[in-house]
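S.K.: Below are the structure tokens for one structure; questions will follow.
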Amino acid sequence: MFKSGFITIVGRPNVGKSTLTNLLMGEKLSIVSNKPQTTRNNIQTILTGDDYQMIFVDTPGIHKPKHKLGEYMVNSATDSIKDVDLVLFLSNPCEEVGRGDKFIIEQLKNQKAPVIFVLNKVDESSPEKVAKTLELFSKEYDFAEMIPISAMKAKNTDKLLELMVKYLPEGPKYYPDDMITDVQERFVVAEIVREKALKNLSQEVPHGIAVDVIQMKQDDNGKYNIEVDLICEKASHKGIIIGKNGQTLKKIGSTARYELERFLRAKVNIKIWVKVRKEWRDNTSLLKELGYKKLK
């Protein structure tokens, strides 16, 4: 019997949703950073086994929005819960169930798919705190399963995969065996550049940036020539992004090029232009140009 289905991964910002997706896939498709609210779009990735096919939706973290981009991210995450076959709800060890987790649980009550509670980052907590957290969440919702894991250390993730197959319905193979994502290459390129910016910039700047791929061409020798706009909200941020003697921008470019060459399996030449677009996160038309469609 072949099983298949759509699986959404939900949770508060920075609980490890993208790390888990990347671990299960064995490919780096979702942007990973230690800063919250890193994922902005629902990334659809496909994992095919001998008797199953899972289509993952890696959502932005659900949080209280502060601008139109935040509204997009929350709408995108809550919409992903609807019409799926299985939900993975990620959280981390805690002393009490917080407001963010309770808000997600309320959204889960409106759908019929089974929900597996995944307690991530257990390697960073004591066994007593892990047990207490599982008990706390068991009182909040009737989960189909509850499982502690460490996505970073790949602890207990094989067991999680078995549980996911268990709860998948019988179904067809939606995508070819060798297809691992439905997003375009240009989107992944933009996400890689944004990840490197996130890792190299200070606290205030990162979430005020966006990346727009202006050009992506492959020459006769197979080398990619890529030009991107790195968009920020303030002129002062532009100076921070460029850095003294251009060093910060050079570091973003060099680390992005290395990752892009791994992803594209080809040589890459990348040029990054820093542009200021004041309050772009509250500009609906610009947000849509940048690919954020789910604004209400």
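Cβ coordinates come from backbone N, Cα and C, glycine included.
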S.K.: Which is it, of 76-79, 120-123, 168-171, 216-219, that Swiss-Prot names as region 'G4'?
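M.R.: That would be 120-123, the stretch labelled region 'G4' in Swiss-Prot.
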S.K.: What's the number of neighbouring CB atoms sitting within 10 A of the CB on LYS17 (GTP binding site)?
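M.R.: LYS17 (GTP binding site): 31 neighbouring Cβ atoms within 10 Å.
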S.K.: Give me the count of other Cβ atoms within 10 A of the Cβ belonging to VAL122 (GTP binding site).
M.R.: 22
S.K.: DSSP-wise, what's the residue breakdown of the region 'G1' (11-18) into helix, strand and coil?
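M.R.: Once the DSSP states are binned, the region 'G1' (11-18) shows 2 helix, 1 strand, 5 coil.
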